[in-house]
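If you check Swiss-Prot, you get these features:
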- 7-20, Gly101, Asn162, 187-188: ATP binding site (BINDING)
Amino acid sequence: MRALGLVVEYNPFHNGHLHHLTQAKQQTGADVVVAVMSGTFLQRGEPALLSRWYRAEMALAAGADLVVELPYAYSVQTAERFAEGAVTILAALRCSVLNFGSEKGEIAPFYALAEFMNDHQVAFNHHVKQFLKDGVSYPKASAQAFSMLSGHEKLLPLDQPNNILGYHYVKAIQRLGISMEATTTLRIQAGYHDKEFAGPIASATAIRKALLSGENIETAVPAHTARLIQMYKRRYRLLHTWEHYFPFLQHKVLTTPLAELAKTAECSEGLEHRLRDSLFSASSFQGWLSATKSKRYTQTRLQRLFAHLLTGTTAEENAAIQQSGPAYIRLLGMSETGKTYIRENKKTFSLPIVTRQGELRRYGQAGEQELRISQCYWLPLPPQALKQEVTREFQQKPINWEKRS
C-alpha cells in the first residue's frame with residue numbers, strides 16, 4: 001500500500017484542509033493517508049481550540065486513514081524542528097510520499113531552494129548572527145540574510161509560512177537521508193494568516209476569529225467539523241485560548257525565582273525580567289503579550305515561551321528529548337484502511353506504536369513530558385471536570401472511525 005504523509009494541525013479542520021487532503025491523495029495515487037498532527041499545543045505556541053481527539057475525528061471523517069500525534073518537543077518549535085519531528089514519524093510509518101500545500105503547487109522550486117541553502121548555509125548563518133546583533137527577531141534576521149544571499153536569483157521567498165514549512169520538509173528528508181518523495185498541492189483562495197472570513201474557503205486564522213466571536217462558520221467547514229465544535233462547546237463550555245490559561249501563567253511567573261524562569265525553553269537574554277515586569281501592567285493575556293512583545297521578541301516566540309512556562313518545559317529537557325529523535329508513535333485514530341495498513345506493516349515500522357496514554361511511561365523523559373503536557377491542557381476546567389478529563393485520557397483508546405460513524 002502506498003502511504004501518503006501529511007503534516008497537520010487542523011485547528012480546526014476546514015474546507016481548505018479537505019481540498020488539500022482529497023487532492024493530495026488523488027495527485028499521489030496513495031492507498032492510505034497518514035496525518036501526523038500536533039496535539040495539545042501548536043507550532044506557533046497556541047493551545048489547540050479543541051482536544052486532539054476531536055480534531056483527530058475531524059480528520060478521519062474527512063478521509064484520513066491514520067492520525068498520529070506529533071510530540072510536544074517537536075510541535076511547539078521552530079519550523080525546522082517541527083518538520084524534523086514530523087518527517088521522522090512519517091518515515092517510521094513507511095510513508096513513501098509527503099505532500100504539503102503551497103501557493104504555486106510546484107515542487108521544483110522547493111528542491112531548488114534546499115539546494116541553494118545547502119550551498120550557502122555557512123554564509124546564511126553568519127549573516128543571521130549579524131542581523132540578530134542589530135536587535136531584530138530571528139524570522140526577520142533569516143529573511144534579511146536570505147535576501148542578501150539570493151540577490152537576483154529567482155528563488156521562493158522565505159518570508160511566507162507555507163514556503164518556510166515546505167522548505168523545511170524537503171530539508172528534513174534530505175538531512176535525515178530518508179527515502180521519501182516530497183510533493184505539493186496548490187492551495188486555493190485563503191492565505192495562511194488571512195483574517196477575513198468570506199466564502200467556503202477561509203483560513204484557520206479567520207475561522208478561529210469568527211468562532212471566538214460567536215459567528216456561524218458552517219459555510220467554511222465540513223458538516224462533521226461543525227457538529228464536533230458544537231459538541232465540544234456544550235461539553236466543556238469553552239474553546240481553548242490563551243486567556244483561559246492566563247491565571248496559571250500569572251501564578252507561575254510571580255512565584256518562580258527568576259533564575260528558574262530563565263531555564264524555561266525559549267527564555268534567553270534576560271527575557272525572564274521582561275516577562276515579570278510587563279505582567280504587573282497587564283490585566284489579560286493579550287495585554288501581557290502586547291506589553292512583552294518587541295522588535296526582537298515576536299508574538300510566535302513569546303507564545304511558545306508561554307506554552308513552555310505553563311507546562312514547566314525547560315530548554316535542557318527539550319534538548320535531551322530531541323537529541324535521540326521521536327521515541328514512539330502515538331496513535332490517535334484509524335479507519336478500516338488504516339487498521340489494515342498497521343496490521344500488514346507494523347513489524348517493519350521503525351518506532352513502536354502507543355495506543356494508551358499509560359504506555360508513555362515506558363519512554364522515559366519523552367513520555368513523562370507528554371503526560372505532563374496532556375494534563376496541563378485541561379487546567380481551565382473546573383476541578384471535578386479536570387479530574388474526569390485527566391482520568392479519561394488514560395482510558396481513551398484510538399478512535400476506530402467506522403465503528404463511530
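Here the Cβ of each residue, glycine as well, is placed from N, Cα and C on the backbone.
Recorded features from Swiss-Prot, shown on the structure.
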residue	record	DSSP class
Val7	ATP binding site	strand
Phe13	ATP binding site	coil
His19	ATP binding site	helix
Asn162	ATP binding site	helix
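Cβ environment of Phe13 (ATP binding site): Arg55, Met58, Ala59, Ala62, Val221, Pro222, Thr225 lie under 8 Å away, each six or more residues apart in the same chain.
Cβ contacts within 10 Å of Asn162 (ATP binding site), excluding its own Cβ and spanning all protein chains shown: 16. A simple way to gauge crowding: the CB of Tyr10 (ATP binding site) has 27 other CB atoms within 10 angstroms, across all the protein chains here. Note: His19 (ATP binding site) has non-local neighbours Ile188, Ile201, i.e. same-chain residues 6+ apart with C-beta under 8 A of its own C-beta.
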